[in-house]
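Student: One structure, as structure tokens, below. Some questions next.
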Amino acid sequence: MEKFRVIGSDKPLVGEVTISGAKNAALPILFASILAEEPVEVANVPHLRDIDTTMELLKRLGAKVSRNGSVHVDPSSINEYCAPYDLVKTMRASIWALGPLVARFGQGQVSLPGGCAIGARPVDLHITGLEQLGATITLEDGYVKAEVDGRLKGAHIVMDKVSVGATITIMCAAALAEGTTTLDNAAREPEIVDTADFLNTLGAKISGAGTDTITIEGVERLGGGKHNVVADRIETGTFLVAAAVSGGKVVCRNTNAHLLEAVLAKLEEAGALVETGEDWISVDMTDRELKAVSIRTAPHPGFPTDMQAQFTLLNMMAKGGGVITETIFENRFMHVPELMRMGAKAEIEGNTVICGDVDSLSGAQVMATDLRASASLVIAGCIAKGETIVDRIYHIDRGYDKIENKLSALGANIERVSEAG
């Protein structure tokens with residue numbers, strides 16, 4: 001099993017990072033390609049384990065899939081309609097195959113998925129949405145099965161809870177439904193907008209993505225097309241926090257400040273000098289004092305839960321401590337005990353963590369528990385005294401494209417080592 005060995009330093013992280021395409025847009029877009037009857041090309045797709053798994057799943061369904069810079073998918077040859085357990089057991093995103101399969105082929109089944117262990121992420125909202133579009137759903141032998149005679153039917157759907165995943169499932173399925181679907185209380189994340197833009201490129205008629213009401217006029221078929229995946233706002237935020245906690249200056253290229261306004265506002269509140277351009281963001285913490293900030297996670301455009309772990313670290317290193325409240329997922333403070341092994345001070349009370357401030361961290365052996373928590377541990381290792389070993393880094397490989405190379409380019413001393421190393 002691979003690990004990261006990080007030798008900490010008081011030297012600030014300085015330089016430029018090219019941000020990859022967003023995993024949380026690339027995954028639903030690749031699954032949405034099932035809806036097309038002609039080849040599609042998806043550019044700016046990150047090199048991640050979940051992307052590789054999705055490409056393999058599309059191949060297993062019968063699609064022709066290749067990668068040469070962009071990912072090319074020809075879904076015209078799909079002749080299987082089941083996403084099997086051996087492929088989806090590590091990835092919750094696999095549920096996104098269900099809507100496109102039943103919408104285009106009248107049937108689909110997906111093994112109940114796996115992924116990060118960060119609380120309840122039920123597929124109920126996906127199932128309810130598909131049922132409201134006319135699908136018959138059954139649960140058998142660990143599989144969710146969806147069927148419909150003819151086409152799905154447009155409907156007025158009011159979501160019980162704001163859900164990014166279910167919003168995408170319903171939007172994709174409704175694209176080929178008969179009639180118009182109105183989706184109220186929809187999630188507003190940029191990755192939903194990007195998925196809608198992709199579908200519209202193929203001939204879908206979707207409006208309102210990015211607001212809490214999305215309207216989908218169903219069409220009979222979708223053709224081919226080319227799409228460029230939106231920048232990864234969470235990877236962007238992660239490197240900006242790395243600059244802040246190390247007292248450095250980092251410029252993120254190939255990104256968009258409009259995607260993470262809540263994060264940039266908190267970085268400025270923390271004392272960072274934030275500058276932005278059309279496709280870049282910089283954070284400069286040189287000779288500036290890091291100040292604690294209070295964070296409350298919320299659906300977009302609020303503060304993203306996927307940046308909570310990174311700001312937990314920031315608050316631990318800032319003057320005054322800080323309070324972070326997690327409202328999206330339960331059980332998402334598993335990074336806190338690991339950071340405390342490195343000398344951080346914190347107290348967890350329910351869905352809130354109260355951070356104490358410390359002058360420095362010490363290297364330790366720590367364990368990654370989920371995707372974003374692992375990023376905070378790696379950054380902590382970069383600024384700690386001594387050697388930090390981060391175990392179970394397969395979590396980080398699910399969401400960060402070559403993070404060790406990008407950190408090394410900023411001056412970090414980090415390497416990937418095998419168990420024997």
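Quick reminder: no glycine exception, Cβ is built from N, Cα and C everywhere.
Keep in mind that what you see is a predicted model, and the values were worked out from it rather than measured.
So Swiss-Prot lists these for the protein:
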type	residues	note
BINDING	Lys23, Asn24	phosphoenolpyruvate binding site
BINDING	Arg92, Arg121, Pro122, Val123, Asp124, Leu125, Lys161, Val162, Ser163, Val164, Asp306, Ile328	UDP-N-acetyl-alpha-D-glucosamine binding site
ACT_SITE	Cys116	active site, proton donor
MOD_RES	Cys116	2-(S-cysteinyl)pyruvic acid O-phosphothioketal
Student: Count the other Cβ atoms sitting within 10 Å of the Cβ of Asp306 (UDP-N-acetyl-alpha-D-glucosamine binding site), across every protein chain shown.
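Tutor: 23, counting other Cβ atoms within 10 Å of Asp306 (UDP-N-acetyl-alpha-D-glucosamine binding site).
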Student: Around the Cβ of Lys161 (UDP-N-acetyl-alpha-D-glucosamine binding site), how many other Cβ atoms lie within 10 Å? Please give the count over every shown protein chain.
Tutor: 11
Student: Please compare the binding-site residues Lys23, Arg92 by how many other CB atoms fall within 10 Å of each one's CB, and tell me which has the fewest.
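Tutor: Sparsest of the binding-site residues Lys23, Arg92 by Cβ contacts within 10 Å: Arg92.
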Student: Taking the Cβ of Asp124 (UDP-N-acetyl-alpha-D-glucosamine binding site) as the centre, how many other Cβ atoms fall within a 10 Å radius?
Tutor: 13
Student: About how far apart, in whole Å, are the alpha carbons (Cα) of Lys161 (UDP-N-acetyl-alpha-D-glucosamine binding site) and Asn24 (phosphoenolpyruvate binding site)?
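Tutor: Cα-Cα, rounded: 19 Å.
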Student: How many Å lie between the Cα of Arg92 (UDP-N-acetyl-alpha-D-glucosamine binding site) and the Cα of Asn24 (phosphoenolpyruvate binding site)?
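Tutor: Just about 11 Å between their Cα atoms.
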Student: Count the other Cβ atoms sitting within 10 Å of the Cβ of Asn24 (phosphoenolpyruvate binding site), across every protein chain shown.
Tutor: 26
Student: Compare the C-alpha of Asn24 (phosphoenolpyruvate binding site) with the C-alpha of each of the binding-site residues Asp124, Ser163, Asp306, and give the closest one.
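Tutor: Closest candidate to Asn24 (phosphoenolpyruvate binding site), judged by Cα separation, is Asp306.
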Student: I'd like the Cβ neighbour count for Ser163 (UDP-N-acetyl-alpha-D-glucosamine binding site), meaning other Cβ atoms within 10 Å of its Cβ, all protein chains included.
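Tutor: Ser163 (UDP-N-acetyl-alpha-D-glucosamine binding site): 22 neighbouring Cβ atoms within 10 Å.
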Student: Whole-number Å only: compute the distance from the Cα of Lys23 (phosphoenolpyruvate binding site) to the Cα of Asp124 (UDP-N-acetyl-alpha-D-glucosamine binding site).
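Tutor: If we compare the Cα positions of Lys23 (phosphoenolpyruvate binding site) and Asp124 (UDP-N-acetyl-alpha-D-glucosamine binding site), the gap is 23 Å.
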